[in-house]
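To start, the structure itself, in structure tokens.
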Amino acid sequence: MAINSEVKCKQDDDWKTHPDIDGGWAWMIVFASFIIHVLIMGSQMALGILYVEWLDEFKESRGLTAWIGSLTIGITLIVGPIIGLFVNTCGCRKTTIIGGLVTALGWTVSAYATNVYYLFISFGVTAGVGSGMAYLPAVVMVGQYFQKRRALAQGLSTTGTGFGTFITTVLLKYLCIEYGWRSAMLIHGAINLNLCVCGALMRPSPALPCRRQLGNCEKNECNEKFEKDDIGQSEFTGCFDTDAIEEAGDDEDEQSPPQDQISEQMKQLDSNDTDKMEVVLREKYPVSILKTISHVTSNMKLGFWKWYSGYFGNKSLFSNRLFISFVFWALFAYCSFVIPFIHLPEIVKLYGFDEENDKIPLTSVIAIVHIFGKIFLGMISDLPIVSAWNVFVIANMTMCVCIFILPLMHTFAGLAIVCALLGFSSGYFSVMPVVTEDLVGLNNLANAYGIIICANGISALLGPPVAGWIFDVSNKYDYSFYLCGLLYLVGIGCLLIKPCLQKQSSEMTNEQNVKT
């Protein structure tokens, strides 16, 4: 059985009518993704509470201290392309479980920090990498389980960011008052172990392309295909998911005795039959071990080529001009979402609104309205008469206006209103995975979304420290928000050139068709 250079995935509708697509276990995936957003993104958006504690504890500048939160948020997103490799080789389930353990370790070790540089490594890098390993699979899995209700499902799962911000803000504030910030981080580290439970729920999706065909493919033929093809010209992309590969190989594994069958044979032998026992141990165990090693190696090889060809092959993501413009938007825009969460608690303190903010924290206002924004924008985007792209662009424009207006508000009520608008418009995050999938397709979603959140991470990494340094020089945050708004305008400009790029791409396609 030969494998062509272009793999013809079976175009059946079985997976679309599968009970776990748009229903059934799909909602458990949404629940797992929701909890992951609560524990990761919600916690990161509530870091303003710890930021104030770190300023009092270590007596460093605002710009330097802001690097702690920026590192963990930025690295969570920047490692996206690398985590895409883990997803392709290890599967979403294993990647998330490992990420949960690393995240919990980062929070726990950070409780023993002696200076901000210690926190750069323990919290910024360690917790950041762990969070990235859990975050990307949470988004990808929801996209694999939903077809008709993609935006709504992503909206519901990502509302965990809003719920998490609201809950974690209250929780961290209470724990810091009662036990101190060090004990608060220890307790939160233990809570983050629930990420491992969420990872265990990530059952492979029946919507994965070619999973049925893969079970019938002979592994040596697949390996031969990859050995013969030039890496840069391989079009064998997006067809394999490691979790699906493991299931597809179940039938093949039945052909040789697995470990439990060997153990059963051992039990059936009489204790005096030492010769037969030696034969079983000598012949069966090595075969089983070699088969397992070969199976794992083959899976990792296929996953690596899928990841590599997605970035560097002939049909790589970087040859898609629409996607490149989307990456530039992500690079300029995300700091506008992060800066208010990091610096708002101190802005309120500088304005003398501590008493009002204790009753109604502005970060909680953003978080609560953010929840409704995600659900509403997700539902609107799923309507057949509405373009998800247009909803995405309008929401971005609204948020940009809010960033410019925020420094002009000098009353608590005014700040609360702008923060509410900021939270609602930032609900476009529920539409972002849908827009990404529309640009690159489901097969390339993991790699593409990894690049997008990597660009977001660079923006998040640089934004808050720059805002802190501007304050150190000017003694006000106004200029930080104006600079942030200008960068956001550049990002929106990258979105608005989509019609021109589409027209250009269509003309190039027509020319190629004429030549052929």
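In case you wondered, yes, glycine gets a Cβ from its N, Cα and C as well.
Lifted from TrEMBL, the feature list:
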- 262-271: compositional bias 'Polar residues' (COMPBIAS)
- 29-503: domain 'Major facilitator superfamily (MFS) profile' (DOMAIN)
- 248-271: region 'Disordered' (REGION)
- 25-52: transmembrane segment (TRANSMEM)
- 64-88: transmembrane segment (TRANSMEM)
- 119-143: transmembrane segment (TRANSMEM)
- 155-175: transmembrane segment (TRANSMEM)
- 322-342: transmembrane segment (TRANSMEM)
- 362-380: transmembrane segment (TRANSMEM)
- 387-406: transmembrane segment (TRANSMEM)
- 412-435: transmembrane segment (TRANSMEM)
- 447-467: transmembrane segment (TRANSMEM)
- 479-497: transmembrane segment (TRANSMEM)
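For the transmembrane segment (25-52), the partner stretch with the most Cβ pairs below 8 Å, chosen from 119-143, 362-380, 479-497, is 119-143. Beyond its flanks by at least six residues, the transmembrane segment (447-467) meets 63-64, 66-67, 69-71, 73-84, 135-136, 139-140, 307, 310-311, 317, 323, 326-328, 330-336, 338-339, 342-343, 432-433, 436-437, 439-440, 477, 480-481, 483-484 of its own chain at Cβ-Cβ distances under 8 Å. Long-range contacts of the transmembrane segment (64-88) within the same chain, counting only residues at least 6 positions beyond its ends with a Cβ under 8 Å from a Cβ of the stretch, are 40, 44, 47-48, 50-51, 54-55, 58, 95, 98, 106, 116, 119-120, 123-125, 127-129, 131-133, 135-137, 140, 240-242, 303-304, 306-307, 310-311, 334, 338, 342-343, 446-447, 449-465, 467-468. Between the transmembrane segment (155-175) and the stretches 119-143, 362-380, 387-406, it is 362-380 that has the most C-beta pairs under 8 angstroms. Long-range neighbours of the transmembrane segment (362-380) within the same chain, counting only residues 6 or more positions beyond its ends whose Cβ lies under 8 Å from a Cβ of the stretch, are 42, 45-46, 48, 151-156, 158-159, 161-166, 169-170, 340-341, 344-345, 348, 386, 391, 395, 415-416, 419-431. Over the domain 'Major facilitator superfamily (MFS) profile' (29-503), the average per-residue pLDDT in this prediction is 76.
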